[in-house]
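Here TrEMBL flags B:118-213 as domain 'Acyl-CoA oxidase/dehydrogenase middle'. The domain 'Acyl-CoA dehydrogenase/oxidase C-terminal' annotation in TrEMBL covers B:227-374.
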Amino acid sequence: MTTYGFDPAAPSELQSWLVERLAEYLPDLGEAVDPYRQLGEYGLDSIAVVAFAADVEEQLGIAVDPTAIWDYPTVSELAEYLAGELAERRPQAA
Amino acid sequence: MRTADLEARLAEWSRPGGPFDPAVLTAHDETESFPAEACAALDTWGLPEYYVPVRRGGRQDRLDEFLALLRRIAARDLTVAVAHGKTFLGGVCAWVAGEDGPADLLARHVLAGEPVAWGLTEPDGGSDLLAGSLTATRHGSGWHLSGRKWPVNNATRGNLLCVLARTEPEGGPRGFTVFLIDKRATATGTVRPLPKMPTHGIRGADISGVEFHEARVPAHALVGTVGGGLELVLKSLQLTRIVCVSLSLGAGDHALGLLRRFLSERRLYGRDLADLPHVRGTAGRAAAHQFLAEAVAHTAARAAHQVPEELSVVSAVAKAFVPTLVQGQLRLIGDLLGARGFLTGVEGYGGFAKLERDHQVVPLFDGSTWVNRAGLAGVLPLLRPGRRATASVSASPVHWLREEHRPAPLDARRLRLLAPRDSVLGALPTLVAELAEQERTSSTAAETASLSRALLAAYERLGADLKNVRPTGGAPSTATMRLAERYEWCFAGAAALALHRARPRLHDGPWGQDGLWLRGCLALALEGLGSRPTGATQVYDRLGTLVTTAPDVPVSVLDDMVPDEPVHDGSVEVPAA
């Protein structure tokens, strides 16, 4: 059973968590990740996207295809999508 | 027995004056002309049917068989295998996209003998697919294409070309789309060939390019979805990268054949060359390279059917590892051949210099060794041993590597850009434990068990080193790339162990007795991982003795003579009226 240090169903908490995770993939970025900016603008290449997707997948315990990050290319959009996915999973987990 | 049949035909065609006559193929190489006779012979034999899946009317239903066929051709002439085999690459996007319209149309063309090219790279773009600037813009119901694809195998000779085009001005992962272009259906002057490039190897192949000027293509040229091109190409590459390694296996077969002939003919200091321990050891090492390459290639081909969701890792390992391994094998054989490997046209040995030149393109095809290794390096932290749940029994390679196992049909819908696990390395601890149970039965069993334990220890050390690695963007550091290389060697050793476990036949016979071939593979993998396993010298010596004294025993642990029977998928066959 996956446990979180935050409420994953709340997009705002999920969003701050994603911003923190993402910072680890961008060690040279001297500023906080803007949740409304396209991830492509941060120079996150296709290899990093795959690694990031795997990381998120493992932390949240749901399948996250790297293409989800292509289709929801900002942290804000991604958080909303993931919250939806998690909510769908909840009845099963209960 | 289609593989056996092809081999018999190839032997026939290789006679003087035949389409595969080495003299004819050497002449093509020298004049940089296309080996048209050999390709025509393959068309007549029916090779195009193997480029088309069974459900589209072709005969392609298992990748291991296709690898075996292409390997046979590559063992005769690598240029021909490259020149003909590109249609597999050109077609794969349409099969993976899976839409009936374009796939059935393409199937009809391919079955009629039309070659298909695959245009991904562009001038100045390298392997970076997102850098592509060939653009498709909507025009009425269809599209207008402008830009260049170069270098592309068969760009000039082929009428059909599958290309990745930019469909969003800003590009990005959803900004590219795949199109299948029929050059004959475009307006005059809008599609121009770019000249064939002189190349170091595969000199007869049509390595050229194509340029589009507002070329109008119809709506049905679209393959997959608008914006889905990058995903489609990345998934297709998972299959083509596995197919590419068969070219390396064929090059190894060809080189080992020349080596055997040389060792049987050449005498030095009044003795057979093979009487010299150094020569035997090197020949044995070359054989071990071939076995390890086979284990990885065959495991990857079966994995495509059984664990397609893991192919992003499996295909990257196979494509980074096998061509590099065979390159090393060719160096060993070249050392033994000495001047005969260097001179051209001497008593038939000139073929070595050509195959060595030809093979140098294989590490570059479909993503270079660096590109594949970097892809693996990027996800390494997630493949750390114990980080993910191990696969179920049915996902274990021991299950799906059994000789009699009939692979499930390829299901492209199961391909993923991110592998959830690696079942091959996941099986390593169990495989090693099983060998340990046997170790009291003989001294060689004890040696095999000890080598396998050393491999597991190396894998665990890799796991410990991976704990400190964080996934990051950008090009991986050299240190991370070295970790990826270690991962490849561990994977290769695990594949050999799984193959050995799955096939009782490989516990016997000239190579299998005392687990000889397996010990050769494990010793080689451990050397690749930086250790000097005890007993390796004796193992290579024994393998080398077999290479020289049993010339009729193929240097192979695969029995590629797959029975040519219909697919048993439970469906009822209705006889034709």
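Numbering starts at 1 and runs along the chain as displayed.
Note that Cβ sites are derived from N, Cα and C of the backbone, with glycine treated the same way.
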Can you count helix, strand and coil residues in the domain 'Acyl-CoA dehydrogenase/oxidase C-terminal' (B:227-374) using DSSP?
-> 120 helix, 4 strand, 24 coil
Restricted to the domain 'Acyl-CoA dehydrogenase/oxidase C-terminal' (B:227-374), the mean pLDDT of the model is 92
Pull the DSSP breakdown for the domain 'Acyl-CoA oxidase/dehydrogenase middle' (B:118-213) and write it out as helix, strand, coil residue counts.
-> 6 helix, 44 strand, 46 coil
